[in-house]
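Here's the structure we're looking at; comments come further down.
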Amino acid sequence: MVPVLLILVGALATLQADLLNHKKFLLLPPVNFTIKATGLAQVLLHWDPNPDQEQRHVDLEYHVKINAPQEDEYDTRKTESKCVTPLHEGFAASVRTILKSSHTTLASSWVSAELKAPPGSPGTSVTNLTCTTHTVVSSHTHLRPYQVSLRCTWLVGKDAPEDTQYFLYYRFGVLTEKCQEYSRDALNRNTACWFPRTFINSKGFEQLAVHINGSSKRAAIKPFDQLFSPLAIDQVNPPRNVTVEIESNSLYIQWEKPLSAFPDHCFNYELKIYNTKNGHIQKEKLIANKFISKIDDVSTYSIQVRAAVSSPCRMPGRWGEWSQPIYVGKERKSLVEWHLIVLPTAACFVLLIFSLICRVCHLWTRLFPPVPAPKSNIKDLPVVTEYEKPSNETKIEVVHCVEEVGFEVMGNSTF
């Protein structure tokens, strides 16, 4: 049986090679080529084989070329193809019939079709669209224990009127959902959307399509599409039940995996130990969910852990959020620091007490009596001063010193 199949394959290859070398064999382009939007950021390309194509029992293929919004090309044996791409700028594609051999490829002419861009005034569509997802507990735990929440934010178009209102939709697979919970700016325009639970599969490889359109009485609002990889926007939850214990000079840290549909072995962890006293940060990359570290007994430490999904379970993603900090230890002064603080304080206290005792008991007067001032007899002498009316040119002051009993007359002075 196997030799027969090999003979048939060889014969077919020989026939195709002969056809390619035959100048009269002509490939005709497909017919009825159409492009139809089948969902948010999704189109279906369909065509039919040319009914006038000569049939010689050969395997015809089709070469599809995407011209806009982003160039791409591929081959297919089917007569239809599905494309996932933003459509707010329109879509254009071409297709042709091809016949391949080991040496060359014969191709027909191209046929093209396009999907025009939706109407709307320039500058009215949203900008800076960003989305993130989180794993949450499902409301139907017996069917599906985990679901995914979705939050998207955007900026209002620079030329959008003040009465513009935006509306968000997302599509994942065949399911489409409209946003019901919005956040608004000062002009009451929607600028963020929140889905507490969605149909998104955080383990899936399908792209998430987000579509935002709008309405206004003053202008036509141009819609906007954007595709997201669930892996790229998945925000891993922080590890749960982080516990920290201190025994002697050892720090024992343990935690549980984040709330996630992935099992325990699918996570890598990063541990951060921050010494609040000296500012030193210790970071450790771990696979296990426990860690032991040596510490001193005079510092306080802040402990945090975060997680990321590892490569065995899916393509590595970004790190998730840090867990809430846990503070352990009691900050105490070292012996040298205590000496530097206690000794000067004690010295000042002793001096203050001694000063108060001396003041109360008059010890300063007893220890350091005041030196008596020398006695002066001159102060005891009565002095009489007489004034005479001076002339116009001369002023004369006469001072008489009167001698008392037991004192020597000091004399008279005249100026």
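Each residue, glycine too, has its Cβ placed from N, Cα and C.
According to Swiss-Prot, the feature signal peptide maps to 1-17.
Annotation source Swiss-Prot lists topological domain 'Extracellular' at 18-339. This prediction places the mean pLDDT of the topological domain 'Extracellular' (18-339) at 91.
Summarising the annotation, Swiss-Prot assigns domain 'Fibronectin type-III 1' to 29-120 and lists sequence analysis as the type of evidence.
Here Swiss-Prot flags N32 (among others) as N-linked glycosylation site. Cβ neighbours within 10 Å of N32 (N-linked glycosylation site), excluding its own Cβ and spanning all shown chains: 12. A strand conformation is recorded for N32 (N-linked glycosylation site) in the three-state DSSP classification.
A C-beta separation below 8 Å, combined with a sequence spacing of at least six in one chain, links N128 (N-linked glycosylation site) to T153, W154, L155. Residues or ranges marked as N-linked glycosylation site in Swiss-Prot: N128 (among others).
What Swiss-Prot lists as disulfide bond is C131-C152 (among others), and the listing cites similarity to another entry. Under DSSP, C152 (disulfide bond) is assigned to a strand (E or B) in the three-state scheme. Same-chain residues at least 6 positions away in sequence with a Cβ under 8 Å from that of C152 (disulfide bond) are, in sequence order, L129, T130, C131, L168, Y170, C179, A192, C193, V210.
The disulfide bond annotation in Swiss-Prot covers C179-C193 (among others), and the record cites similarity to another entry as its basis. The Cβ of C179 (disulfide bond) has 19 other Cβ atoms within 10 Å, all protein chains considered.
Non-local contacts of N213 (N-linked glycosylation site) by the CB criterion (under 8 A, 6+ apart in sequence, same chain) comprise Y166, F167, Y169, I221, P223, F224. Look at Swiss-Prot and you will find N213 (among others) tagged as N-linked glycosylation site.
Annotation comment: Swiss-Prot describes 238-331 as domain 'Fibronectin type-III 2', evidence class sequence analysis.
According to DSSP, N241 (N-linked glycosylation site) is assigned to a strand segment. Sequence-distant neighbours of N241 (N-linked glycosylation site) (same chain, six or more apart, CB under 8 Å from its CB) are W255, E256, listed in sequence order. Per Swiss-Prot, the feature N-linked glycosylation site maps to N241 (among others); the stated evidence is sequence analysis.
Marked as disulfide bond by Swiss-Prot: C266-C313 (among others). In sequence order, K203, F262, P263, H265, C266 are the residues of the chain that are 6 or more apart from C313 (disulfide bond) and have a CB within less than 8 Å of its CB.
According to Swiss-Prot, the transmembrane segment annotation covers 340-361.
Residues or ranges marked as topological domain 'Cytoplasmic' by Swiss-Prot on the basis of sequence analysis: 362-415.
The feature motif 'Box 1 motif' is assigned by Swiss-Prot to 367-375.
C313 (disulfide bond) falls outside any helix or strand according to DSSP and counts as coil.
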